[in-house]
Amino acid sequence: MEKKAFFQQLDERTDIRYTDSGLKIFRLKFPRAHLRLCNVKIDFGSRDVCIRAESGDTLLPYGTAHFLEHLLFWHNGRNLYSDFFAHGALLNAFTTYTDTNFMFTSLPDRLRQTIPILLDALWNHSFDKKIVAQEKAVITSEIQTAHLNHQLSYHYQLISMLSPSSPAAVFPAGRIEDIEALDISDLQKAYKAAYQAHRMTLFLIGGSENTETLLPPHLQLEKRPDYHAERKIIPACPPVLSQKMMLGDEERMEDTWTGLQIGALPGQNDLLSIKLYWDIAARILFQLDSPFFQEIQQTYRLEIDRLSAETYIYEDGGFLILHSQGTHSSAYIDVASYYVTQKKEQVAAWLQYGKDSLTDAIIYDSDYVRKCFEWAAECDRCDCSFLDMYHIIQDMDAQVFLSLIDAMASSNKAIIHVSQKEAIRQ
């Protein structure tokens, strides 16, 4: 099947409805899937540390969204995991920077029993002081364990060096002092503001059944109401700092972590476009098996044994975290930027590799309902279709790629050099 036709087919299999309470239903059919994936996404994540109301703003401790996620596993004195397991379903939950998710997989004939249980728990929570105290201990332990994960620690340390006041610099579970400061009043205010039907999307992925047959009958569905979505944009990067931020021994730089601030490009501030452009660029620049890396390694005899990159791009800014190992690890960004400027005639070929890599990944991921959910959630978050994604990917041109290279070379950077001894211990 032609790639464009595949993305069109994804859209044809997508059915978006709303309940009368405002709950959004995102149905994506996949005939080959044996199980059905259900995910309720709440528009409340680790970045949400302020509740705005007519009576005034309420500041929340970091980690509030994640703490609520833990609490909502307890309903009427019972643990939801056990209730779902009794129905042959495995319930999980996770909090990201932008939202909170409750996810489970199930046989199709069990959804009419499990979905009402989950929605009842999310909409009708009763706060219990004993459970709050219990979860404070659990989450404190979780934070302490996360600090032992050096790679995770470097991620947040780099973002903190670049933007110390950003919520993105704080682990989603918060800090120990935040957990100690949380009280039931904070949690109740956050719950009341966030866990509203109009702030939720229920994803149903897999199978070929009509949406109505999978949902409990009391949920009356309507088509999407007429409205104009607000385009999500990303701001420009802050001014470049005069001083480079660095930790560790620059003389022993075989293991290097680099953080970069990224933002809007000249003439382009659309959030989804910037996300996809950086995804393509990362596949070109930071994958050991990419033609670009093979060329640059042979040309300059670079000794780099490991190379990986992750991007975090949101409406309030973006970061790229690069991890490289090898004798020339700390020089890679500068060398790569220079090589692109010297070989501009090859940009089209590199771009085609990056575009093919991303579109193939989406097509491959679609065979797995968990991965397919992530792309569906991106469509929902940016209010776009799968075909819109495809067109953004294909329309990326050489000038955009060169703008990314310029941004990468000139952006604020934070660097952590890890000693060889410490890297081996990890």
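Cβ coordinates come from backbone N, Cα and C, glycine included.
Counting only same-chain residues six or more apart in sequence, the Cβ atoms lying under 8 angstroms from the Cβ of GLU69 (active site, proton acceptor) belong to ALA93, PHE94, THR95, THR100, PHE102. What Swiss-Prot records for GLU69 is active site, proton acceptor.
Here Swiss-Prot flags HIS66, HIS70, GLU142 as Zn(2+) binding site, drawing on similarity to another entry. Listed in sequence order, GLU135, VAL138, ILE139 are the same-chain residues at least 6 apart in sequence whose CB falls under 8 Å from the CB of HIS70 (Zn(2+) binding site).
Highlighted in sequence order, GLY63, PHE67, GLU69, THR95, GLU135, VAL138, ILE139, ALA173 have their Cβ within 8 Å of the centre of the Cβ atoms of HIS66, HIS70, GLU142, the residues recorded for Zn(2+), and are not part of that set.
GLU142 (Zn(2+) binding site): 17 other CB atoms within 10 A of its CB, across all protein chains. Around the Cβ of HIS66 (Zn(2+) binding site), a 10 Å sphere holds 26 further Cβ atoms from the protein chains shown.
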